[in-house]
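K.L.:
Residues or ranges marked as domain 'UBC core' by TrEMBL: A:4-150. TrEMBL lists A:C88 with the feature active site, glycyl thioester intermediate.
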Amino acid sequence: MSNPLPKRIIKETARLVSDPVPGITAVPNEENLRHFQVEIQGPSESPYAGGLFKLELYLPEDYPMEPPKVRFLTKIYHPNIDRLGRICLDVLKNNWSPALQIRTILLSIQALLASPNPHDPLANDVAKEWLDNESAALQKAKECTEKYAK
Amino acid sequence: MKVEFKKVHCVCAWSWDIHQTENDLKIDDTHESPQAKPSNNNDEEEDVCGICRVTYNGMCPNCTNPQVPCCLVVGECNHVFHVHCITKWLKQSSSKGLCPMCRQFFSLNKQLVINKPQLAAFENLNSKKHSVHFLLADANDEMLLD
């Protein structure tokens, strides 16, 4: 990793700090400026409201040709996020475009918290619960937020 | 007072002036455009490459040799990129040949002078993609026959 940090990453980082997205903070790791510590506030009117979710984001060598790698560190009960914190989101995989940025990706993740999609699950057991008994699933998500995201 | 010029150094500077309306850059662009530049002077977002976010005039991070000019290309969809950036993207299979900004199939606007030197290279890019596509289709057919 002797390559200098591309200008685009420097610009994006500066803007994330000077003009942060509401409810989201992203701070680069001093030892590796491609590695970010992210915190996302659970959207209000969702079972994640009041919670603060920690994530890690890594910009691969080929970024922005390749999407950033993002993972939840905080345990969360969500049909599109599995036990290991991996996220099922189209823009992080086959719908990535180099016109997207760190901030737009984090906004998409925040939106995913506000509207879970149990029809395209990553955590199958959670998605099943979500479809079979939504109120129970929402309750579990709330309890999980209380327990792990506070 | 008498002034005597001993030496004159000529210096010139140039910059890309990308107009957003199609008529501005037609091939038969012999006339000087009567109205001055459209006002995009302070809007930084307006004149950076949508991929690397370096200004149109700047060298993109995919430039390998300062001797090779970092040209711009304009798509049918009117989105502008450094030729190095968009070529690198379109060569990846994950791009599916789409414009990063609007996700339409990316092809050069053939009417524009600025695209002219790049047309052949982009034709080549597209035809390669198609031949890969056909090969895959053939392979699938064969598998179905088996």
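Each residue, glycine too, has its Cβ placed from N, Cα and C.
Automated prediction, rather than curation, is the source of TrEMBL annotations.
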K.L.:
Run through the Cβ atoms and count how many others sit within 10 Å of the one on A:C88 (active site, glycyl thioester intermediate).
P.N.:
18
K.L.:
Would you list the DSSP helix, strand and coil counts for the residues of the domain 'UBC core' (A:4-150)?
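P.N.:
When I sort the residues of the domain 'UBC core' (A:4-150) into the three classes, I find 52 helix, 27 strand, 68 coil.
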K.L.:
Can you give me the average pLDDT across the domain 'UBC core' (A:4-150), rounded to a whole number?
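P.N.:
The average pLDDT of the model in the domain 'UBC core' (A:4-150) works out to 94.
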